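The structure appears right after this line, and notes come after that.
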Amino acid sequence: MATASAEKTDREYAYSQDDFERVRATVFKIAGIRLADSKETMVYSRLSRRLRALGIKSFRDYLEKVERDDIEQQEFVNALTTNLTSFFREVHHFVALEKFLRTHKNVTAIWCAASSTGEEPYSIAMTLAQVFGTFRTGIKIYASDIDSKVLATAKNGIYKYSSIEKMDESLQKQFFYRGTGPKSGMVRVVDEVREMVEFRQINLLHDDYGFKEKMDVIFCRNVMIYFDKPTQYKVLNNLVGNMKQDSLYIAGHSEHFQEATHLLKPVGKTIYAPVR
Ligand SMILES: C[S@@+](CC[C@H](N)C(=O)[O-])C[C@H]1O[C@@H](n2cnc3c(N)ncnc32)[C@H](O)[C@@H]1O
């Protein structure tokens, strides 16, 4: 069991096992995120920043605020998501995307469904620009996340140079502006690539994602791992309902769907196609 306890007097705020359980239940209800027992300290450290910012003295009072205040509920979710990502992460998926684009002439829409700070959808946009030799490809790229803070970062498209230093120099020159003076050490995704991506806030738990069109490719990587099996199944079902007949579902490196073989069939390394 977790060790959250009011007896831990070295902590700035009272934080009991009940508080931790309430955090877990709340984030599960809102976002489907399952927090393991081992996350008790992480929860304390991330949420105590919110208590400090708000001048609230106990977790109990804070959690009451979260329940009745939508704005704080968003901050609460933002504080508890894990947003690790990178440009061209799992590069074989971008090779598969390129192949798909070269062999499918009627592609109209691609959705990056847990896009975090934007590196993933911009990598998709860069792949399209390379395949078509233009930024005006006629293909919509949607990118979404539940976390409003990462979406703001994504829309800005500003990153540390270190996040692209391993990328080919020709790609760096084509797709990024280098910061100078006080902004040296930073890069910004070029306007043409940023304009290729439409960001939206979408909670994957919701039944209706609000798209009028079906997707040719869905990237849904490294988010299912935070959900339990019934939630994974519900979300997967919903995502597949948003896919065209001949389309690709691209999953994270540790995401497998053996229990959903009636929905998806493997067609590559963590790449799936809908079963119709
Ligand atoms: C580890 S990041 C993955 C980023 C990117 N897909 C990648 O693989 O590099 C997981 C993302 O899922 C988002 N997320 C968590 N629960 C979500 C939900 N219920 N709906 C939408 N996004 C969610 C988090 O905010 C976070 O940005």
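Each residue, glycine too, has its Cβ placed from N, Cα and C.
In TrEMBL, annotation is done automatically, which means it is predicted and not curated.
If you look up TrEMBL, you'll see 8-276 marked as domain 'CheR-type methyltransferase'. TrEMBL lists N83, T85, R89, E120, D145, N203, L204, R221, N222 with the feature S-adenosyl-L-methionine binding site.
A C-beta separation below 8 Å, combined with a sequence spacing of at least six in one chain, links N83 (S-adenosyl-L-methionine binding site) to S116, T117, D147, V150.
Ranking the binding-site residues R89, D145, N222 by how many other Cβ atoms lie within 10 angstroms of each Cβ puts R89 at the bottom. This prediction places the mean pLDDT of the domain 'CheR-type methyltransferase' (8-276) at 97. A 10 Å cutoff on Cβ-Cβ distances gives L204 (S-adenosyl-L-methionine binding site) a total of 23 other Cβ atoms nearby, all chains included. According to its DSSP assignment, D145 (S-adenosyl-L-methionine binding site) is in a strand. Largest Cα-to-Cα span within the S-adenosyl-L-methionine-binding set N83, T85, R89, E120, D145, N203, L204, R221, N222: 23 Å.
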